[in-house]
Amino acid sequence: MLVWLGEFLQQYYSGFNVISYITVRAILALLTALLVSLWIGPKVIRRLQLLKFGQEVRHDGPESHFSKRGTPTMGGVMILFAITVSTLLWANLANPYVWFSLFVLLGYGAIGFVDDYRKITRKNTDGLIARWKYFWLSVIALVAAFGMYAIGKDTDATRLVVPFFKEIMPQLGLFYIILTYFVIVGTSNAVNLTDGLDGLAIMPTVLVAGAFALIAWATGNVNFAEYLHIPYIKFSAELVVFCTAIVGAGLGFLWFNTYPAQVFMGDVGSLALGGALGVVAVLVRQEFLLVIMGGVFVVETLSVILQVGSYKLRKQRIFRMAPIHHHFELKGWPEPRVIVRFWIISLMLVLVGLVTLKLR
């Protein structure tokens, strides 16, 4: 929005041209989202406490979690508000990729909001009926997928980028829609499963979003895209602003979510952030990098799949409890140790992912 204001004011003072620089707007988007999140955080927490929107805890979970019962949840609303405000202020709103990203973010946030609200009002951890939850997640993902395909059909925006192989970039055709669906829905649920400890999900989300900001910038720059042997996608540069807004809002939320947490993001936050990472990965054509950089999310999801599959087939559990962060808790690891070690692993995986951009 302010891009247009800057363009208008340039005729009166050339210094306003600085607003046109993507790097400047990215930094300002990060700071705006951070400050908005820090500003509204205490207000949101107080409001959630007054409404008695407290977290419900699994009865079969670690005993250390019983003390978390009643901690305000649905704090993800402040993350979404900060990201949306910052993106609308600093992104070029004529860019369709910005709107696809906001559509998935807010659409998944709405589903998460309903899910959280049902858990709170029913005083259990069930929430939305699974089939309806996945139905609406699928509807939003498919609407976004068809729209993205319509814009990028038969261009580099619908090619598959394979790590380590610069010559292998097949045109996906309609398979692009299927891949987009699974990436968005899968990432959303993976982040949701990871959000089980104080700050566990938000820091990997911040790290991956920060990495995607760099990738989006390179993908939207014809010279860097050619240098890295990745597709040049003209609309992708504006995603830098969206990604840095996620970083800022995430860090602001972590201020209140760090152990011991004053507020939890709830499904309204985790589903939305996961969906946002998924749609960005698709738009910059780096789905494989998302698997690498978001390795913590992948492992958490696989631990649940393996646990359920093993129990159904062999009536035996692989882990003491799934997702895997609970397994380490039941082994005696203090919660902060689990959290920080997962953060370190996430940072390492993000760096590995960024390195693979050049290893082609």
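Each residue, glycine too, has its Cβ placed from N, Cα and C.
Going by Swiss-Prot, these are the annotated features:
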TRANSMEM  21-41  transmembrane segment
TRANSMEM  73-93  transmembrane segment
TRANSMEM  94-114  transmembrane segment
TRANSMEM  132-152  transmembrane segment
TRANSMEM  168-188  transmembrane segment
TRANSMEM  199-219  transmembrane segment
TRANSMEM  235-255  transmembrane segment
TRANSMEM  263-283  transmembrane segment
TRANSMEM  288-308  transmembrane segment
TRANSMEM  338-358  transmembrane segment
Item to check | Same-chain residue ranges lying at least 6 outside the transmembrane segment (235-255) that approach it to Cβ under 8 Å | outcome: 22-23, 25-27, 29-38, 41, 75-76, 78-80, 82-83, 86-87, 90-92, 95-98, 101-102, 151, 157, 199, 202-203, 205-206, 209-210, 212-213, 216-217, 219-221, 265, 269, 273, 276, 280, 283-284
Next on the checklist: Same chain only, please: residues at least 6 beyond the ends of the transmembrane segment (199-219) with a C-beta under 8 Å from a C-beta of the stretch. Say none if there are none.
Outcome noted: 22-23, 26, 191, 225, 228, 230-233, 236-240, 243-244, 246-247, 250-251, 253-254, 257-259, 261, 265, 270, 273-274, 276-277, 280-281, 283-286, 289-290, 293-294, 296-297, 325, 338-339, 342-343, 346-347, 350, 353-354, 357
Checklist entry - Going along the chain, which residues at least six beyond the ends of the transmembrane segment (21-41) come within the CB cut-off of under 8 Å? => result 2-3, 75, 78-79, 81-83, 85-87, 89-91, 213, 217, 220, 237-238, 240-249, 251-253, 255-256, 263
Checklist outcome for this item: Near the transmembrane segment (94-114) in space but 6 or more residues beyond its ends, with Cβ under 8 Å, are 74, 76-77, 80, 83-84, 87, 128, 133, 136-137, 140-141, 143-144, 147-148, 151, 184, 188, 192, 235-236, 238-239, 241-242, 266-276, 278-280, 283
Item to check | For the transmembrane segment (338-358), distant same-chain residues with Cβ under 8 A (at least six beyond the ends) | outcome: 163-164, 197-200, 203-204, 207-208, 210-211, 214-215, 218, 228, 230, 259, 289, 292-296, 325, 328-329
